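Peer 1: So Swiss-Prot has the following annotated:
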| type | residues | note |
| --- | --- | --- |
| BINDING | C123, C127, C130 | [4Fe-4S] cluster 1 binding site |
| BINDING | G167, S217, R229 | S-adenosyl-L-methionine binding site |
| BINDING | C370, C372, C388, C441 | [4Fe-4S] cluster 2 binding site |
| BINDING | C429, C432, C438, C459 | [4Fe-4S] cluster 3 binding site |
| DOMAIN | 100-317 | domain 'Radical SAM core' |
Amino acid sequence: MKTEDMALVFSKLILNPITKRQILNLFKKDDNGNLIIENYIDAYMKGEDINSLGYKTLKSVLDNGLKTFAGEIYKENFKDFLKDPLFKKGLISVVRGLGYFGVKRPFVSGAPFLVVWDVTYACNLRCKHCYANAGKPLEDELNTEEALKTIDILANSGVVAIAFSGGEPLMRKDLFELIDRAKDYNMQVSIASNGTMLNKTNAKKLKEHKVDFVQISLDGTKETHEKFRGIKGIYDKTIEGIKNVVDEDIFCAIATTATKLNYRDVPKVMDLAEELNVNYFMLYNYIPVGVGDYDIDLSPEEREELLNLLWEKLNNDTGKKYRTAFLSTAPYYSRTALEHNKYYLASHFANVDLGENERLKSLANFIGGCGCGRFYLSLRANGDIQPCVFFPLKLGNIKSFKDENDFLEFWRNNKILNDLRDRDKLKICGSCMYKYVCGGCRARAYSYYDDYLREDPGCILTKNLK
């Protein structure tokens with residue numbers, strides 16, 4: 001049976017009212033306050049059998065999902081993956097998403113996998129492209145009590161990962177208290193920093209508090225970076241910060257936002273990323289928002305040149321055993337891979353090579369493209385909720401939610417989020433053959449046209465679709 005036909009059968013299984021009801025019942029709590037699904041996944045992992053309709057439903061969903069999208073060969077590996085608490089959290093969110101939304105293209109998780117939270121707008125730099133217009137903290141930024149409650153709500157909703165950003169998050173005095181609260185819930189915690197405050201002491205402290213991932217911004221050579229960031233003398237501090245994080249063996253990424261001011265420097269930064277032995281080089285898709293001007297945005301041709309360069313670097317078989325992976329937040333990066341006859345889920349979460357497995361390849365249509373409103377949300381420092389940090393459209397405020405039930409109700413039913421999840425609603429990108437693996441950047445559409453369903457003007461294909 002073809003994968004598309006198997007996916008249809010799987011979808012019918014999920015849409016069965018009895019199946020759907022049993023899936024949602026898995027998210028009730030037992031007498032110990034644990035989700036029933038957590039107990040059942042533990043039993044599934046151990047190969048145990050439980051005589052209950054809920055367990056049999058979960059087992060059927062997992063077995064049929066694996067068969068449809070991976071094949072039986074992956075079943076035993078899958079059980080090994082379940083030993084990882086983060087993988088287990090992610091799976092629980094997937095199952096909840098099936099109960100809420102069914103087998104959608106693109107897929108929507110039961111709660112955001114990732115929330116990017118600008119915990120403060122205090123910053124020691126003056127970057128020319130800052131989406132947050134950072135510098136001084138807002139007067140109404142969440143206090144410690146409000147921030148801790150926010151983490152409780154997100155964690156209890158099933159959010160897997162939280163990224164503390166800004167501003168410069170290290171300028172928030174209670175940051176490590178917030179990190180500890182998130183780690184108490186076994187959440188993945190990352191920090192997005194400009195690197196200038198990452199001295200040996202702070203890098204060691206991040207390690208001690210079990211931060212999983214640190215992303216540091218670097219936008220070019222010394223001259224370019226300091227011009228871009230608005231302060232002379234900070235390039236060396238940034239490089240030192242990167243080295244300190246790598247020395248602490250924390251997963252480290254260099255993030256470069258490509259504009260007309262620095263895109264010729266990008267290959268040099270990519271080479272430097274390898275020399276510094278970081279795990280990721282992340283090419284950020286520039287979006288004119290905050291203090292960022294439209295006139296420094298790349299043309300579609302310049303952006304295409306960079307994405308192809310990134311792809312070549314990722315697949316360069318020179319015999320060198322660098323560990324650096326090359327990623328981009330541009331949703332068209334997956335389309336770049338397909339144009340090179342490769343099935344790759346290329347995103348700002350990870351690069352996933354789907355290889356030659358036809359069933360795995362079909363996943364690209366379900367989980368590829370922009371995750372905005374499907375896999376992640378953003379929070380401003382005052383608790384305002386946005387689809388993405390580059391997408392300044394207020395959807396609500398976290399302080400208005402009493403608990404995780406209110407948050408999950410918002411996640412399920414917010415009109416704008418549901419618009420973003422429906423690629424058939426896209427006015428130009430919706431007619432593109434790559435709409436499921438890409439779909440364009442909704443933040444760029446909103447920035448340019450004040451309409452998040454319009455085309456992404458940064459994509460080289462849009463001129464042929466009008």
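Placement of Cβ uses the backbone N, Cα and C atoms for every residue, glycine included.
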Peer 1: Per residue, counting other C-beta atoms within 10 angstroms of the C-beta, which of the binding-site residues C123, C370, C372, C459 reaches the highest number?
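Peer 2: Highest number of other Cβ atoms within 10 Å: C370.
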Peer 1: Sort out the sequence-distant neighbours of C438 ([4Fe-4S] cluster 3 binding site) for me: same chain, 6+ apart, CB within less than 8 Å of its CB, listed by position.
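Peer 2: Those within reach of C438 ([4Fe-4S] cluster 3 binding site), by Cβ under 8 Å and sequence separation of 6 or more, are P331, Y332, S334, R335, G368, G369, C370, C429, C432, C459.
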Peer 1: Report, in whole Å, the straight Cα-to-Cα distance of G167 (S-adenosyl-L-methionine binding site) from C130 ([4Fe-4S] cluster 1 binding site).
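Peer 2: A Cα-Cα distance of 9 Å.
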Peer 1: Sequence gap of 6 or more, C-beta under 8 Å: which same-chain residues meet both conditions with respect to C441 ([4Fe-4S] cluster 2 binding site)?
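Peer 2: Result: N285, I287, A330, P331, C370, D456, G458.
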Peer 1: What subset of the binding-site residues C123, C372, C388 lies within 10 angstroms of G167 (S-adenosyl-L-methionine binding site) at the C-alpha level?
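Peer 2: Qualifying among C123, C372, C388: C123.
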Peer 1: Spatially speaking, which of the binding-site residues C123, C127, S217, R229 is closest to C372 ([4Fe-4S] cluster 2 binding site)? Use C-alpha to C-alpha, please.
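Peer 2: Minimum Cα distance from C372 ([4Fe-4S] cluster 2 binding site) across C123, C127, S217, R229 lands on S217.
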Peer 1: Nearest to C123 ([4Fe-4S] cluster 1 binding site) by Cα, among S217, R229, C388 (binding-site residues)?
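Peer 2: Closest candidate to C123 ([4Fe-4S] cluster 1 binding site), judged by Cα separation, is R229.
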Peer 1: Can you give me the average pLDDT across the domain 'Radical SAM core' (100-317), rounded to a whole number?
Peer 2: 93
Peer 1: In the same chain, which residues outside the set C429, C432, C438, C459 have their CB within 8 A of the centroid of the CB atoms that define the [4Fe-4S] cluster 3 site?
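Peer 2: Checked against the 8 Å cutoff, the neighbours are P331, Y332, R335, L426, I428, Y434, K435, G439, G440, E455, D456, L461, T462, L465.
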Peer 1: At a 10 A cut-off on CB-CB distances, which of the binding-site residues C130, C388, C432 has the highest count?
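Peer 2: Buried the deepest by this measure is C388.
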Peer 1: Using DSSP and three states only, what is G167 (S-adenosyl-L-methionine binding site)?
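Peer 2: SS state of G167 (S-adenosyl-L-methionine binding site) = coil.
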Peer 1: Compute the mean position of the Cβ atoms of C370, C372, C388, C441, which form the recorded [4Fe-4S] cluster 2 site, and then list in sequence order the other residues of that chain whose Cβ is within 8 Å of it.
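Peer 2: These residues sit around the [4Fe-4S] cluster 2 site: P331, G371, G373, P387, F390, F391, L420, R442, A443.
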Peer 1: Identify, in sequence order, the residues in the chain of R229 (S-adenosyl-L-methionine binding site) that are 6 or more apart from it along the sequence and have a CB within less than 8 Å of its CB; answer 'none' if there are none.
Peer 2: L125, R126, C127, K128, N194, S217, D219
Peer 1: If you count other C-beta atoms within 10 angstroms, which of the binding-site residues C127, C429 is the most crowded?
Peer 2: C429
Peer 1: On a simple 10 Å Cβ count over all chains shown, which one of the binding-site residues G167, S217 is most densely packed?
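Peer 2: That would be G167, with the most Cβ atoms nearby.
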